[in-house]
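Taken verbatim from TrEMBL:
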- 37-129: domain 'ABC transporter family G' (DOMAIN)
- 158-369: domain 'ABC-2 type transporter transmembrane' (DOMAIN)
- 175-196: transmembrane segment (TRANSMEM)
- 208-231: transmembrane segment (TRANSMEM)
- 251-280: transmembrane segment (TRANSMEM)
- 292-311: transmembrane segment (TRANSMEM)
- 323-344: transmembrane segment (TRANSMEM)
- 374-436: domain 'Plant PDR ABC transporter associated' (DOMAIN)
- 399-426: transmembrane segment (TRANSMEM)
- 513-562: domain 'ABC transporter' (DOMAIN)
Amino acid sequence: MDEISTGLDSSTTFQIVTCLQQLTHITEATILVSLLQPPPETFDLFDDIILMAEGKIVYQGPRNYVLEFFEHCGFRCPERKGVADFLQEVLSEKDQAQYWYRKDQPHSFVSVDNFIVAFNKFHTVQKLNEELCTPFHKCESHKSALSFNIYSLGKWELLKTCMAREWLLIKRNSFVYVSKTLQLVVIALITMTIFIRTRMKLDLVHASYYLGSLFYALIRLMTTGVAELALTVSRLSVFYKQRDCYLYPAWAYSIPAAILKIPFSFIDAFLWTALTYYVIGYSPEPERFFRQLFLLFLIHQMAISLFRFIASVIRDPPFAANFGLFTIMVIFLFSGFIIPQPLLPSWLKWGFWLSPLAYSEIGIAVNEFLAPRWQQVSSSNATLGQQVLEKRGLNFSGYYYWISVAALIGFWIIFNIGFTFALSLLKPPGSSRAIISHERFSYLKAKEDLSDTTEEKELPNADSLKAPAETKVKGMVLPFKPISISFEDVQYFVDTPKKLRGQVCPQKRLQLLQDITGAFRPGILTVLMGVSGAGKTTLMDVLSGRKTGGYIEGEIRVGGYPKVQETYARISAYCEQ
């Protein structure tokens, strides 16, 4: 515990340390506390002391022997002197001489290193060395002395905890998911009115409309996952902090993030398919309806995992957004619809087979145009559906639907594994800042002033820059006018928290300051005293105008005039706690 007495009065500090002492003795806990000038009664509560100076340990051992050690070195603590103050002053060069008690010997400053040499010969150190040299029996080890697990919980408990945490974050961001779903419903209503079945016929011309509506469904479900990029980037800073503190591994974070998005993908895919499928007039077979639903579900899941992976690798919000849009553009170009596969140059055909949207286009086109209603044979001995597929370079057999499904699942697995590895291996992005010394800054500033000087003015010689110590530095004395501050019947109220309303505190407002009257005069050094919670900081905040909430009543005057915060802020300074 580091500096736990900061901001507390001595009574509260004594109560806290007393509680820690009882906790240590009863439960056999190990507690280390650093304190700055503890009062004597608080100092007497500790069992052992570690006294440090200049980054070195001067004394380490029981509190009862610390005065004996310094008497051995020639320094004695006066009777009415606090031991804690004595230990800090005896190491100081300017205060050490007053504690020298060997009057027959002249005092010479004893450095920290000399104290350390003397401490190594002290009997407590000799006893400690004897205990450390005694072989330790492993049967006496505490059951928690060694830990063979990095994390405090088991894998299943970690997964359940991270699952609950991810679900809590989803509920907090429910507005994002609800708004995305409502937006998808509105666009689905517009889409089905554009491609309504009364305008669609079974011929080559309207087959392109059917294919266009299918492609639009794919890109609509894919772009819905873009929001995952911003959400993931915003959470990475917290994740890196918790990962580096070994709260949980990366897989415990990535698995819940992937699993809990499955219901949202299913809802979006189901709403789009249910609204548009029969209104646009796709093949009426129920199995083809569910196949299209399953394919849209997979493309949505793949898109979410893709943008999550991009966010974990890029991590910079603006750059990640731009790179995500670039990735979408590349995937669209190689999807096989904007540029049909036969029209791609031979050296770019590999891009078609690397695009997840291309497999989605193959699967959804095969599912629709190999249906019975598209099997009308034309004069070229090819069915109407085959002609549509050949025109777009999508003339594949029916089993390619399942190949497309397998490919989308494979992309989903690859992106999630990449997301996990990126979270595990990449370090948190740090801010690099250039550091310049004060002397270098002064030199550059003086050089800049020389360059800004006009030619008509006489320039100083170069020696004035090299040897600034030889020149006399003249400061400017600002005019100062003493001003008094007076206040009368100052009241300060805050709204009562909801938890305290009722029987505990029936009032709507809680009064923190009541009828405060006083004055601060020039030339008078005033101290504001009181126990913790008395209202010292509250009063100073109210007088300084630092309170942004609550209700302030009463009169505050500066120099005899009503206080104006804009003017008061220019003539006053406030050093906060």
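Numbers run from 1 along the shown chain.
Note: Cβ is positioned from N, Cα and C throughout, glycine not excepted.
Those TrEMBL annotations? Automatic predictions, nothing curated.
Just so it is clear, the model here is predicted, and its values are computed rather than measured.
At the 8 Å Cβ threshold, with sequence separation of at least 6, the transmembrane segment (175-196) comes into contact with the transmembrane segment (251-280) through 3 or more pairs. With DSSP classes pooled into helix, strand and coil, the tally for the domain 'Plant PDR ABC transporter associated' (374-436) is 35 helix, 2 strand, 26 coil.
The domain 'ABC transporter' (513-562): residue composition by secondary structure is 9 helix, 18 strand, 23 coil, according to DSSP. Summarising model confidence by region, the domain 'ABC transporter' (513-562) averages a pLDDT of 90.
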